[in-house]
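The domain 'Flavodoxin-like' annotation in TrEMBL covers 8-152. Look at TrEMBL and you will find 14-19, 61-64, 99-108, ASP134 tagged as FMN binding site. The domain 'FAD-binding FR-type' annotation in TrEMBL covers 226-469. Marked as FAD binding site by TrEMBL: ARG371, ARG401, ALA402, PHE403, SER404, GLY435, LEU436, CYS437, SER438, TRP623. According to TrEMBL, the NADP(+) binding site annotation covers THR477, SER543, ARG544, LYS549, VAL550, TYR551, VAL552, GLN553, ASP585.
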Amino acid sequence: MKEKCKKLSIVYATESGNALDAAEHLARHAERRSCPLNLLSIHQYDPTLLFLEEAIIFVVSTTGQGDTPHSMKGFWKFLLQRNLTSSCLKALPYAVFGLGDSSYPKYNFVAKKLDKRLMDLGGIPIIERGLGDDQHPSGYEGSLDPWMSSLWRMLYMIKPEFFPNGPDVVILDTVLIDQPKVQIIYHNIESVQSHFTTASDLTHLDIQIGSARSLHPGKSSPDRSRPDCFLKMVKNLPLTRSNHGKDVRHFEFEFVSDAIEYDVGDVLEILPGQDVAAVDAFIRRCNLDPDSFITVKPRELDDCSALGSRVPVKLKTFVELTMDVASASPRRYFFEVMSFFATAEHERERLKYFASPEGRDDLYQYNQKERRTVLEVLEDFPSVEMPFEWLVQLVPPLKTRAFSISSSQSAHHNQVHLTVNVVSWTTPYKRKKKGLCSSWLAALDPQDANYVPAWFHKGSLPKPSPSLPLILVGPGTGCAPFRGFVEERAVQSKTTSTAPIIFFFGCQNVDGDFFYQDFWLSHAQDNGVLSEVKGGGFYVAFSRDQSQKVYVQHKMREQSQRIWNLLAEGAAVYIAGSSTKMPTDVTSAFEEIVSKENEVSSDAAIRWIRALERSGKFHIEAWS
C-alpha cells in the first residue's frame with residue numbers, strides 16, 4: 001500500500017511554458033519557507049496519488065478557446081471517471097491557480113473546471129482559486145503574488161508542519177541561489193562540423209535541431225524536438241498596399257523532405273531563425289566559446305549513461321535553435337538571479353528592486369512594456385557575468401510560432417500556404433520592434449536556398465464534410481483557414497454534390513487590404529461554391545470606406561434570414577481572427593439573429609448557440 005505523501009505537491013499543466021514559470025515561482029517561495037515539496041508536470045503525475053496527498057497546488061493554463069493543455073488530457077480523463085465518488089478525495093486541501101487571457105471568451109476555463117471537479121470529488125480549497133490574466137499590467141504575476149501570500153498563511157493554518165518557522169520566515173536567498181537546475185558538459189570534439197545549408201544536408205540539420213531542442217530544459221515534449229518536415233518557401237507575395245500601414249503576406253512552401261498529410265483547419269508551427277548578429281553579440285557578451293561542443297542535463301540526474309542518446313551540439317547552434325536571446329523578454333526571476341552576479345553595487349540594487357514585489361510595476365514598464373530582450377537587459381547591466389548554466393535555465397526558450405494553414409492539400413498536393421501579418425510596433429519609449437517569426441519569413445527570398453523547420457497539428461477548426469452547410473466569419477487574417485475551406489470544397493464539387501458556404505470577410509478598405517480579392521470573387525460567381533446560385537454568399541465589410549465603421553457583424557445582421565435558414569438546415573459556424581472583441585461581438589450577432597428569426601428570447605437564443613457548440617457545430621479559432 002502506498003504511503004501518504006509528507007510533502008506539498010505542486011503540479012503544473014503548461015502549453016507555452018508560462019504555467020511552468022508560475023509553478024517554479026511558487027516552489028522557490030515555498031522552499032524559502034523551508035516547506036518540503038515535490039514539483040512536477042501533470043503528465044508525470046500519477047493521479048492515484050491524489051488520494052494520498054497531504055496538500056496539493058495545481059497551476060494550469062488555458063489554451064485556445066478554453067482548451068486543456070495537451071499534457072493534462074490524461075489527468076483530466078482520470079478525474080472524469082464515473083466510479084469516483086463525491087467523497088473520494090477525503091477533504092484533500094488543494095489550491096488552483098490558472099493562467100489565461102481575459103480577451104478570450106473562455107477566460108481561465110481550465111482552472112475553473114478543475115477547481116469545480118476537485119470540489120465535487122470532496123476536495124477542500126485552501127484558498128479561492130487564483131486567476132492570472134495576460135491582460136493585467138503585470139501579466140499573471142499581478143494576481144500570483146497576492147494570491148501566493150494568502151496561500152502560505154492559509155496553508156499554515158491547515159498544515160503547520162509544512163512551515164517549521166512559520167509562513168513568513170524566509171531563508172536568505174544566498175543559500176538557494178548557488179545551484180542552477182542544469183549542468184553543461186563540454187566535449188572534446190576535434191572536427192567541428194559546419195552548419196549545413198544545402199538540400200543534401202537536411203538529415204544533418206534535422207539531427208541538429210532535434211539534438212539541440214531535446215537538450216534544452218524548457219522543451220515541451222521530447223517527441224516534438226525534431227521537425228515533422230522541412231519546407232522551402234517558393235512564393236512571398238504582399239497582400240496589402242505598400243502605404244497601407246500593415247504588411248500582410250501570402251507565403252507558399254513546398255515540401256523538401258517527405259510530404260506530410262494535412263487537413264483544412266490544421267495549424268502549421270514554424271521554428272524561426274534568429275538574427276545571426278544578435279546571437280553573436282549574445283555569445284560575446286556572455287564570454288562564451290561559440291565553437292565548443294556541449295550537452296545539457298538536469299543537475300539531479302547524476303547518471304551520465306542516461307545521456308547516451310544525447311548528441312553533443314555546437315554551443316552557437318544550441319543558442320540559435322533553443323534560446324530566444326533577441327525577441328522574448330526575460331521573467332522576473334532572471335533579474336533576481338542577475339543580482340547575485342552583478343559586481344557593480346548600483347546594478348545589484350536596481351536588479352534586487354526589480355525582483356521585489358515593490359518593484360514589480362517598474363519592472364513591467366522597463367521589461368515587458370518595452371519588450372526588452374535578454375541581450376538588451378544584459379547590455380544594460382554590464383557588470384553581470386552569469387554562468388552559462390543559469391543562462392540556459394533562464395533565457396526564454398525559442399518557441400515555434402503557430403499559423404492557420406490557408407490552403408487545401410487537395411488543391412496543392414506538395415504545398416502548404418500561410419497568410420501572415422508581419423508584426424511591427426513602436427514601444428512607449430519610441431523603440432522600433434518587430435515580430436521574430438513573421439519578419440524572418442518576410443525576409444526570406446524564394447530564389448535562395450531556405451529551409452524552414454515545421455510541425456503540423458490539429459487546430460480548433462475541424463475539417464467539415466462536403467455535405468455540411470458552412471457559415472464562415474473571418475475578418476482580416478482570420479480569412480486564412482477559410483481560403484483552404486473554399487479551395488477544398490471547390491475540388492469536392494467537381495466530383496460530388498456539396499453544401500453551400502456563406503462567408504463574411506472584413507477589412508479596412510477595398511484598395512488597401514482586401515486579401516485574396518480575386519480568389520473570393522471568382523468563387524462567388526458562375527456557380528462557384530460561394531455563389532448565391534449554389535445557396536452560398538460572399539459578403540465584405542469595409543470598415544473605413546465610409547464615415548461610419550462597418551464590421552462583419554453588421555453584414556451578418558443584413559443577412560439575418562439567410563443565416564437562420566442555413567442554421568435551421570444544420571449548418572456549422574466557423575469563426576477565425578483576432579481575439580480582442582471580434583469573437584464575442586460575432587457570437588452576440590449570431591445570438592441576436594437566432595432570437596429575431598426564431599422568435600425566441602435572448603436567453604433562449606444564447607442556449608441555442610450553446611447547444612450548437614456542444615453538438616460540435618460552433619467553432620472559434622482566435623489569436624492575439
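Positions of Cβ are set from backbone N, Cα and C atoms, glycine also.
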For SER404 (FAD binding site), which of these binding-site residues sit within 10 Å, Cα to Cα: THR14, GLY17, TYR107, VAL552?
none
By CA distance, which of the binding-site residues (SER61, ASP101, ARG371, LEU436) lies nearest to ASP585 (NADP(+) binding site)?
ASP101
THR14, ASP101, TYR104, TYR107, ARG544 screened against SER438 (FAD binding site), Cα within 10 Å - retained binding-site residues:
none
What is the average pLDDT across the domain 'FAD-binding FR-type' (226-469)?
92
Could you say which of the binding-site residues LEU436, VAL550, VAL552 has its Cβ with the most other Cβ atoms inside 10 Å?
VAL552
Here the Cα-Cα span from TYR107 (FMN binding site) to ARG544 (NADP(+) binding site), rounded to a whole number of angstrom, reaches 31
Measuring CA to CA, name the entry from the binding-site residues LEU436, ARG544, VAL550, VAL552 that ends up nearest TYR104 (FMN binding site).
VAL552
Over all pairs in THR477, SER543, ARG544, LYS549, VAL550, TYR551, VAL552, GLN553, ASP585, the listed NADP(+) binding residues, work out the largest Cα-Cα distance in Å.
19
Nearest of the binding-site residues (SER61, ALA402, LEU436) to THR477 (NADP(+) binding site), judged by Cα-Cα distance:
ALA402
What Cα-Cα separation, expressed in whole Å, is found between GLY64 (FMN binding site) and ARG544 (NADP(+) binding site)?
29
Would you work out the biggest C-alpha to C-alpha distance among ARG371, ARG401, ALA402, PHE403, SER404, GLY435, LEU436, CYS437, SER438, TRP623, the residues that bind FAD according to the record, and give it in angstrom as a whole number?
25
Compare the C-alpha of ARG371 (FAD binding site) with the C-alpha of each of the binding-site residues THR14, SER61, ASP101, VAL550, VAL552, and give the closest one.
ASP101
Counting other Cβ atoms within 10 Å of each residue's Cβ, which of the binding-site residues TYR104, TYR107 comes out lowest?
TYR107
